[in-house]
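Input: a single structure, listed below in C-alpha cells.
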Amino acid sequence: MKTDMTKGNPMKIILLFSIPVLMGNLFQQFYNMVDTIIVGQYLGSKALAAVGSTGCIMFLVLGFANGIAQGFGVMASHAFGAKKEKLLKHYVALAIILTVIVSVVLTIPTVLASRQLLIWLNTPDDILVMADAYIKVIFAGIFCTMSYNVASGLLRSIGDSKTPLYFLIFSSVLNIVLDIFFIVVVKAGTAGAAYATVISQGIAAVLSFIVMFKKYDLLRTSREDYYMDWSGIWRMLSIGLQMALNYSITAIGTMIFQAAVNVFGSQVVAAYTAASKVSNIATQTMPTLGTAAATYCGQNLGAGRYDRIFKGMKSCFFICIGCAVLAAAINCFVGPYMIGWFITSPTATDIDCAMKYLKIASVFMLPLAWIFAYRNGLQGLNKGLVPMLSGVMELVSRLIAILALSKPFGYGGVCFADPAAWLTTGILLIVTYYVWEMRMRKKIQS
C-alpha cells in the first residue's frame, strides 16, 4: 500500500514506514549472516576470513550501484509528492534503462580486477584464492543486486515499504536453501555462498518488478514513457551519482580499515569479521531511519511542505538517540554470544579481538545514527554536495586515525578509526542540516 507522507503525524509516519524497512534490512543481514555462518561452520575459519575480507570491496562496488539506485528512488519520490503521475512513470522507465547500462559498465571491470583489488588490500595469501572465488561471483551478479534495489527504491518512493519486505523474506529463505545446496551438497566452496546470494537476489528483483507493475498503475510503464530525455537522465544520474560516490568514498575508507586489520593475520581478520557482522545487525535501525528520512523529505520537498520537513527531521533526531542506545546494548551485552555464530569454537583471543572493536564502537553510536538520518535527509532534499563531502571527511578521519594509532596501539588503535570517522562526519551533517533549516525558516518568514 502506498503512503502519502505529506499528511499526518510526522513521527508516526516515519516510524510506521520504518518498520517494514527495518524487517527487510534485518532479513538482508540475516541472509548475509547465513552465508557467513554456513561458510564458517562447514568450510572453516579461513574461508570465513576469506569471505569477510571481501566486505569492503563489495561495499565499494555494490554501494556505488545501490547509491545510484537510491538516487532513482529520490527522484521518483519528488514526482509522487508533487502528484505528477506522468513524470513518475517516465522516471520509472529511465530507472530501468539506466540500471541495465550501469550494471554492464560496473560488472566487466570489477570481475576482471577482483584479484588485484584483494592483493592491494593485503589479503593474506592463505585466503586469497577463496576470497577471489567469492567476490568474482558477487560482481558477476551486480545486475541482480542493483535491479532489486531499484525496484525496492521505486516502491518505497510512493510509501510502500511492505512489498519489498515480502520478497526479501522469500529471497532470504531461498538463500538458506541454496547455501546448503551449493556448499554442503555441491561443495562449491566460497563461490557457492556467492551463487546462493546472487540467485536469491535475482529472483527477488524479478518478483518485485512483476508485482510493482501489476499493483500500481502509477508505476506501470508503457512504450510512450521510454523516450530520450537528457535533462531527466542528468537529474537522475546527478542525484544517483552523488549518493553512489558517497558510498564509494566511505567504502574506500573501509578498505583502508580492512587493509590495516589484514596486517594482523587471518585470526584477527576472522574475529573482526565476526564483530562487524554483530555490529551490522545491531545498527540496522540506523539505515532504516535513513531510508525513511530520504523518502519523507523527498515527498514533502516535491509537495513544497517545508513545515513538515522541519517537524520530521526533529523527530529523526530523537529517534537517533533510541537507535544508538539499542545498538550499544546489543554490541556490549549480546555481542559475546553472537560471535560464536560466525566462528566455530571461538578462542579467548577471538572473543577478545571481536569485543574490543564492539565496545569501542558502542561509545560512538549516536554520531553514527546522525550520519544515516541527516545524510539521507539532505539527499532527499536535493542537497547532495555536503553528504558527498561528508564522505571525504569520513575517509580522511579514518585514515588519520589509522596512521596515528595503529603503530603505537596495534589492533586496539585501529579499532578507534571508525568512531573517529563517525564523530567528525556526524557533527558536520547535523550542523549542515540545521543551518539549512534556519535559512529556510527565515526565507519563508520574509
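Quick reminder: no glycine exception, Cβ is built from N, Cα and C everywhere.
In TrEMBL, annotation is done automatically, which means it is predicted and not curated.
Checking TrEMBL for transmembrane segment across the ranges 12-31, 252-271 points to 12-31. The highest tally of CB pairs under 8 A with the transmembrane segment (47-69), across 90-113, 133-151, 355-373, is held by 133-151. Counted over residue pairs separated by six or more positions, the transmembrane segment (411-436) shares fewer than 3 Cβ pairs under 8 angstroms with the transmembrane segment (12-31), which leaves the two as not touching. Outside the transmembrane segment (12-31), and at least 6 residues removed from its termini, the chain residues within Cβ reach (under 8 Å) are 3, 5, 152, 156, 159, 161-162, 164-165, 168-169, 171-172, 175-176, 197, 200, 277, 280-281, 284-285, 287-289, 291-293, 295-296, 312, 315-316, 319. Beyond its flanks by at least six residues, the transmembrane segment (133-151) meets 50-51, 54, 57-58, 61-62, 65-66, 68-70, 72-73, 95-96, 99-100, 102-104, 106-107, 110-111, 114, 118, 164, 171, 189-191, 193-195, 197-199, 201-202, 204-206, 208-209, 212 of its own chain at Cβ-Cβ distances under 8 Å. Among residues of the same chain six or more beyond the transmembrane segment (355-373), those with a C-beta under 8 A of the stretch's C-beta atoms are 272, 275-276, 278-279, 283, 285-287, 289-290, 293, 313, 316-317, 319-321, 323-325, 327-328, 331-332, 335-336, 339, 390, 394, 411-412, 415-416, 418-419, 422-423, 425-427, 429-430.
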